[in-house]
Amino acid sequence: MSEEETRQSESSPEASGVTVSDIQELIRRKEEIEAQIKANYDVLESQKGVGMNEPLVDREGYPRSDVDLYQVRTARHNIVCLQNDHKAVMKQVEEALHQLHARDKEKQARDLAEAHREATNHGQSQGLSPPQAFARVNSISPGSPASIAGLQVDDEIVEFGSVNTQNFQSLHNIGSVVQHSEGKPLNVTVIRRGEKHQLRLVPTRWAGKGLLGCNIIPLQR
């Protein structure tokens, strides 16, 4: 077993509870492996562009003298090993995301039940109308911090960290909260199909653009 496979085994998502940081580490490792694969392909390209399958002997069966055979063989071997490591890491990312989603769904179900009871009791005692949303989730990238937090397309946002209906003026308010909360959990409250959901969103750098991986649009008020 290679050193990479050993690290993967030790950090397997089945070994312990998966966190957002674990997934970020797996993505970082994936990007490192991809960079190493590219570097080894660059070596092959520098050796007359031999690639992975071109023969290393001439027409008479003698070793080619126009390329560095040791470098070519080493690069080819490295690429095969790294591609296996990449496949294993991608499988870990997928399993980790599934595990995190499953755990979050259980927590969200408990939080939703509690929030529903509180909202019902509060509404009955105070006669208050449900909070008004000020923005809506228009799109979400798979594997993004927004997706991991449980946000869904068409969720209507009534609270995003310190931003709420009363103080919301533009999307710059949300952008400012996100920039100042990188790596820190934000409480996000949304209305989804008429029901209130409370989520915890951690703005973080990931493989895609931005810190959220979602597009939010303001609602007309």
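A Cβ is built for glycine as well, from the same backbone N, Cα and C atoms used for every other residue.
Annotated in TrEMBL:
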- 1-22: region 'Disordered' (REGION)
- 9-22: compositional bias 'Polar residues' (COMPBIAS)
- 105-140: region 'Disordered' (REGION)
- 105-120: compositional bias 'Basic and acidic residues' (COMPBIAS)
- 119-194: domain 'PDZ' (DOMAIN)
For the domain 'PDZ' (119-194), what does DSSP give as the number of helix, strand and coil residues? 22 helix, 20 strand, 34 coil
What average pLDDT does the predicted model assign to the domain 'PDZ' (119-194)? 86
